[in-house]
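This report concerns only the one structure given below.
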Amino acid sequence: MQGKKPGGSSGGGRSGELQGDEAQRNKKKKKKVSCFSNIKIFLVSECALMLAQGTVGAYLVSVLTTLERRFNLQSADVGVIASSFEIGNLALILFVSYFGARGHRPRLIGCGGIVMALGALLSALPEFLTHQYKYEAGEIRWGAEGRDVCATNGSSSDEGPDPDLICRNRTATNMMYLLLIGAQVLLGIGATPVQPLGVSYIDDHVRRKDSSLYIGILFTMLVFGPACGFILGSFCTKIYVDAVFIDTSNLDITPDDPRWIGAWWGGFLLCGALLFFSSLLMFGFPQSLPPHSEPGMESEQAMLPEREYERPKPSNGVLRHPLEPDSSASCFQQLRVIPKVTKHLLSNPVFTCIVLAACMEIAVVAGFAAFLGKYLEQQFNLTTSSANQLLGMTAIPCACLGIFLGGLLVKKLSLSALGAIRMAMLVNLVSTACYVSFLFLGCDTVPVAGVTVRYGNNSARGSPLDPYSPCNNNCECQTDSFTPVCGADGITYLSACFAGCNSTNLTGCACLTTVPPENATVVPGKCPSPGCQEAFLTFLCVMCVCSLIGAMAQTPSVIILIRTVSPELKSYALGVLFLLLRLLGFIPPPLIFGAGIDSTCLFWSTFCGEQGACVLYDNVVYRYLYVSIAIALKSFAFILYTTTWQCLRKNYKRYIKNHEGGLSTSEFLASTLTLDNLGRDPVPAHQTHRTKFIYNLEDHEWCENMESVL
């Protein structure tokens, strides 16, 4: 017996050692996964990905004109490139939102980020597949400063490039153009799972009162991305396009020269790298984060019939029937259910109204903001670079702050659904008032020779106006570009050539007949408008306030939406939201705003015998029409917010009851009971607590999970 003791002791020691080693391995495993078991780490990773997504989208906008000149594209061509992102996104957003809710959401987001990285790299590829950029050096017509001056006696007819060759190159089929379109489609496809799956994943793993703050941070990063994109665009376009292939010290042009083309491809490479590395982090997160027993983890979700919600909710938000296997529904059946579920969602007035209101708010941003830089140039006589810098440093940061504050207010004030919709209505009213003030903040149209006034500073009466006059008939002036100059007589001319200036120092301008010959000079740019500087400063301040206040409605709208659908429909409902945002909020508004702006044009350029871009607008009509469209969209959004509030208020009075007395089945299902207090004793009548609004999206026959619809 004594001999066995050492053996037993030794066996027990070995067993203890094995248990100790196993415990240490378990601790190491926990340590390895602990970094990716924190929802805050996921938030940081998602923010990095959304920041990169917003950056690459804005960067494309900042280099569109560079692409147009580099590959001889028309404005319609670059418009197709810009819209290709939405086409790729629309193609898959519903499918990704539906099937993504049932799969591994972080991995799907990571795959989407890698696809976006591939699209960004393909966007830069055309520069490396085509020939180096060649510019015409020493054109006499433009002079040393790149100014369009009077070419008397046809002195420059043989100096510049062949116009026929330019037109042939412009209309030739360009495979690089198709490659750019394909790259943008890839970017749109890759962006599909990032927003809806990321939002639903975060909402499933945070406390209800913290959800608005987390979502607000997400959308803040998405809006902050465009500011980074514009800044990156301004930096890259100052670098010569072929700087990696040639010695730039031998260049005789600068970024201010009209022949300069910047390194448009550099930003796409940088964005591709950022997208790729931020996507890799997503593959480390599990499908379901470990549960946390924190107070307030209850979700203010829609209450469905039966006691399905007494079971723990999977992290992907999909509840399955306990007797139903995972593979019960075929792929075809799952596809067949999508139209039914979509119709069911849209048949709910609360869901439909809040989605349409969000579409109207986004439509203002997509339409008004898309042409805001152009508006600043036309109204306040700013340069393109100055307008973009102001937008990047003022309006966009204010919008980011507004989205963050909106989520913070919802969290700090613990707003219910009714409180959130009231906040959205108030924010809408204040921002609409700011837009109304824009009607009175602008500059009048400056007098332009041959367009708004006659040559010689006479009022525009009698015969039709014509920019060609006897003073410039022999100058061979062209209308393919707009390089305005301000004459000493206070009149703006389309170019130094139209002013009759035959010297590159802009003197001796024959069309300035109201001033002495020695003073017949012009300076580059439009003539200033009286009081325009003061109006611009006021406009800029109001624009900052408008961006700040208007953006505060975004987070409450998303919060209302995800609180008015059942958990298993959350990801799909967000997919429907983003689909409609693109269909109604991103695609039509730029077309509507653009058509309205074009209707205010006073003078069109011509290129290769065809009508080109508008170079001069009626500022007053432009301002009224441009701002009025935004006001109309904001007003429509307020009507939809009001309708949503009425629906919520009526259902609140109907379903939310005191806990005194018994409750019917319908009253019970729509009461203040949540997942955590089902089956518990009713709250005493004397105990005060915040009543939660629960809107029952599903009818009683829709009480099962998604597969029951089959």
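Glycine too: its Cβ is placed from the backbone N, Cα and C atoms.
Disulfide connectivity taken from Swiss-Prot links CYS477 to one of CYS497, CYS501, CYS509, namely CYS497. Swiss-Prot assigns LEU67 and PHE368 to the same side of the membrane. Range with Swiss-Prot annotation transmembrane segment, chosen from 505-522, 631-648, is 631-648. With a cut-off of 8 Å between Cβ atoms, the residues of this chain six or more beyond the transmembrane segment (572-597) that come close are 83, 86, 89-90, 93-94, 96-98, 100-101, 195-196, 199-200, 341-342, 345-346, 351, 355-356, 358-368, 370-371, 374, 558, 561-562, 565, 614, 617, 622, 625-626, 629, 633. Of the recorded residues, CYS497 (disulfide bond) and ASN505 (N-linked glycosylation site) place their C-alpha atoms 12 Å from one another. Between the transmembrane segment (262-286) and the stretches 41-60, 107-131, 223-243, 387-410, 415-438, the greatest number of Cβ pairs separated by less than 8 Å involves 107-131.
At the 8 Å Cβ cutoff, the transmembrane segment (415-438) and the transmembrane segment (631-648) share at least 3 close pairs (sequence separation 6 or more) and count as touching. The most densely surrounded of the disulfide-bonded residues CYS477, CYS501 is CYS501 (count of other Cβ atoms within 10 A of its Cβ). A gap of 14 Å separates the Cα atoms of ASN519 (N-linked glycosylation site) and ASN502 (N-linked glycosylation site).
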